[in-house]
Amino acid sequence: MKVNGTPYRTIWLDDDGRTVKTIDQRWLPHEFRVVDLTSREDVAIAIKDMWVRGAPLIGATAAFGMAIQMGIDPSDASLHETWDILHDTRPTAINLKWALDDMRALLMPLAPADRVEAAYRRAVEICDEDVEICRQIGLNGLKIIEEIAAKKCGKPVNILTHCNAGWLATVDWGTATSPIYHALEKGIEVHVWVDETRPRNQGAHLTTWEMVSHGVPHKLIVDNAGGHLMQHGEVDLVIVGTDRTTAHGDVCNKIGTYLKALAAHDNNVPFYVALPSPTIDWTVKDGVKEIPIEERDGEEISHLWGKQEDGSIGQVQVSPDGAEHGNPAFDVTPSRLVTGLITERGVCDASREGLAGLFPEFAK
Ligand code: MRU
């Protein structure tokens with residue numbers, strides 16, 4: 001997508017074919033900072049401290065981390081150690097493991113001297129694949145928006161989204177936002193309710209930045225507003241992303257997604273989840289019991305991050321010294337609350353049968 005008229009992806013290789021460049025998203029929406037990642041340690045910090053975030057982008061970044069390390073030490077020991085170091089950065093988004101497994105399976109059979117070239121090639125390929133997958137998700141999700149638009153007789157389609165499942169969370173296009181960007185390109189009127197998404201405010205910081213940059217009509221709302229808006233007919237459709245979806249269609253996503261799904265269910269609002277196939281964890285049966293939920297630092301709750309009146313960027317403390325905090329970063333929405341899954345191969349029921357119908361080769 002474009003930033004001030006210049007096309008960007010969220011991660012790319014510099015002209016030397018070796019330096020990995022990415023956007024340090026911690027500074028958005030106030031500053032657009034591009035940083036170099038030159039070691040696996042850089043990559044581990046960038047993922048853990050959320051310079052990059054969003055399941056597909058975490059996977060793509062880890063793939064580059066493996067490639068960078070192959071340029072430093074292509075031995076078997078270094079390959080396995082890098083898998084462990086990068087895998088330990090964040091526990092919930094399955095795209096991380098998917099990308100690391102993919103890279104290791106490709107590299108292990110090769111002679112060490114051949115690994116670096118192959119690793120960079122595959123990391124770039126993973127990025128290109130993600131872009132195409134997200135574009136297809138957009139085209140498949142567009143059909144849902146078109147159907148609703150047809151019934152709204154020229155009034156905008158109101159779409160609620162949670163967290164940031166936009167182009168910043170992927171390599172380009174986004175998952176939940178891709179249908180929205182495609183609808184806009186087709187001249188369909190949409191209006192997006194953006195959940196601020198406490199504690200880190202990915203909605204407030206990142207999704208609104210995307211909406212403003214791309215001229216998408218939107219309103220930022222507090223996390224607790226969604227249910228009220230649904231009761232009053234102000235939401236036609238919910239589309240969210242996911243960090244891990246089980247083979248049975250349970251959906252793990254940013255904390256608060258489950259409450260939106262409950263409210264949508266109670267108000268007959270369609271609740272769709274947009275996901276690329278690497279986000280499906282075919283090994284998990286019961287999402288609530290089996291998916292590891294990341295517990296993050298309480299400081300994300302005790303402090304709010306933003307631009308101060310004097311223009312400096314920093315934190316303010318919102319809870320008293322001595323207060324204790326609990327910060328589970330994700331929750332699981334059971335498949336029964338999900339209207340459908342929007343994938344690169346089409347839209348399906350949130351069920352084993354639905355996913356197996358679209359991805360028979362994985363659903364054995
Ligand atoms: O903690 P984050 O910012 O990495 O969480 C991101 C989300 O929950 C997204 O909704 C999810 O990764 C889908 S991104 C296409």
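Cβ coordinates are placed from backbone N, Cα and C, and glycine is handled just like the others.
Nobody curates TrEMBL annotations by hand; they come from automatic prediction.
If you look up TrEMBL, you'll see Asp243 marked as active site, proton donor. The feature substrate binding site is assigned by TrEMBL to Arg53, Gly54, Ala55, Arg90, Gln202, Asn253, Lys254. As annotated by TrEMBL, site 'Transition state stabilizer' applies to Cys163.
Structural mapping of features recorded in TrEMBL.
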| residue | record | DSSP (3 states) |
| --- | --- | --- |
| Arg53 | substrate binding site | coil |
| Arg90 | substrate binding site | coil |
| Cys163 | site 'Transition state stabilizer' | coil |
| Gln202 | substrate binding site | helix |
| Asp243 | active site, proton donor | coil |
| Asn253 | substrate binding site | strand |
Binding-site residues considered: Arg53, Arg90, Lys254; fewest surrounding Cβ atoms within 10 Å belongs to Arg90
Among Arg53, Gly54, Ala55, Arg90, Gln202, Asn253, Lys254, recorded substrate binders, what is the largest CA to CA distance in Å? 17
At a 10 Å cut-off from the C-beta of Cys163 (site 'Transition state stabilizer'), count the other C-beta atoms across all protein chains. 29
Which recorded positions from the set Gly54, Ala55, Arg90, Gln202, Asp243, Asn253 have a C-beta atom lying less than 6 Å away from ligand 1? Gly54, Ala55, Gln202, Asp243, Asn253
Quick note, Asn253 (substrate binding site): same-chain residues at least 6 apart with CB under 8 Å of its CB -> His162, Cys163, Ala165, Val240, Gly241, Thr242, Asp243, Val273, Phe330, Asp331, Thr333
For Ala55 (substrate binding site): intrachain residues, at least 6 apart, with Cβ closer than 8 Å: Ala93, Ile94, Asn95, Leu96, Ala169, Gly241, Thr242, Asp243, Arg244, Thr279
Within 8 Å of the Cβ centroid of Arg53, Gly54, Ala55, Arg90, Gln202, Asn253, Lys254, the other same-chain residues by Cβ around the recorded substrate site are Ile58, Thr92, Ala93, Cys163, Asn164, Ala165, Ala169, Gly241, Asp243, Phe330
